[in-house]
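The structure is given below, and queries will be raised subsequently.
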Amino acid sequence: MTAPVIKKTAPQGSAVAAWLYSPRVLSVVIWLLLWQLVVTILQPELLPAPTAVFESLWQHAVRGDLVSQLAVTLRRLVIAFSLALLLGMVLGLAMGHFKRLNDWLDSILTLMLNIPALVTIILCLMWLGLNEVAAVTAVVMNKLPNMAAIFREGAKAVNRELLEVAKVYRLPASKALFKVYLPQLAPYFLAAARTGQALVWKIVLVVELLGCSSGVGFKLSVFFQMFDITSILAYTLAFVAIIYSFESFILRPWERRINRWQQC
């Protein structure tokens, strides 16, 4: 008769302590302490204390304007990001697989990659007007070339021999697509998503600041005119927290899954 196996689990308190003393948490604490130290040197009007910023954040949240403006900006961000990712993927994969198409569009793609974002934003607002379509189009036009360039490289890096093996073994097209082709593109999809979310939200704020009457960017413009630095930092903190959560709870776990697949 064998002795029962007892599984040892770490106490919940130790897990919490490990998280509290992790470099990510400690770096934030150190950053807040440095912020508070700088506040004692500068005037509060130029750089408000962290406590004042968090208090302002709470007040805006209670009044409801923070939540409503964040919702507007996030809606624009999701729509623009999804369109840029989808169109960039289709264009990039087509250019990567068809040399003649790549020869025709390569110069145009290079040109679009080097046009300043501000120029594209201004032109879209002038051509389409100060409306929702112009705001989303400006963001898509700024990010689409970068997405296409990433997916083009991904298409070129696909292992053709694996696709030939799938054909030899008469693997169904759907299975070959999801089991052979798309997994090879996963790292490039992740790279496009990561660079996209890092830049798209900045472009969205600029578009809102220049040509929208709602959203976080619009509110930042209002606070700028009022010289309300505390509210600017409060809105910025809330928006960055959302973007960081997307990075931490969606992109990083996905990256770990991709790394495990590549090691197999």
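In case you wondered, yes, glycine gets a Cβ from its N, Cα and C as well.
Residues or ranges marked as domain 'ABC transmembrane type-1' by TrEMBL: 70-250. According to TrEMBL, the transmembrane segment annotation covers 77-96, 108-128, 199-220, 232-251.
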With Cβ-Cβ distances below 8 Å as the criterion, list the same-chain residues six or more beyond the ends of the transmembrane segment (108-128) that contact it, or say none.
95, 134, 137-138, 141-142, 144-146, 148-149, 203, 206-207, 210-211
Same-chain Cβ contacts of the transmembrane segment (77-96) under 8 Å, 6 or more residues past its ends?
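Distal contacts: 102, 105-106, 109, 135-136, 139-140, 143-156, 158, 185, 189, 192-193, 196-197, 200-201, 204.
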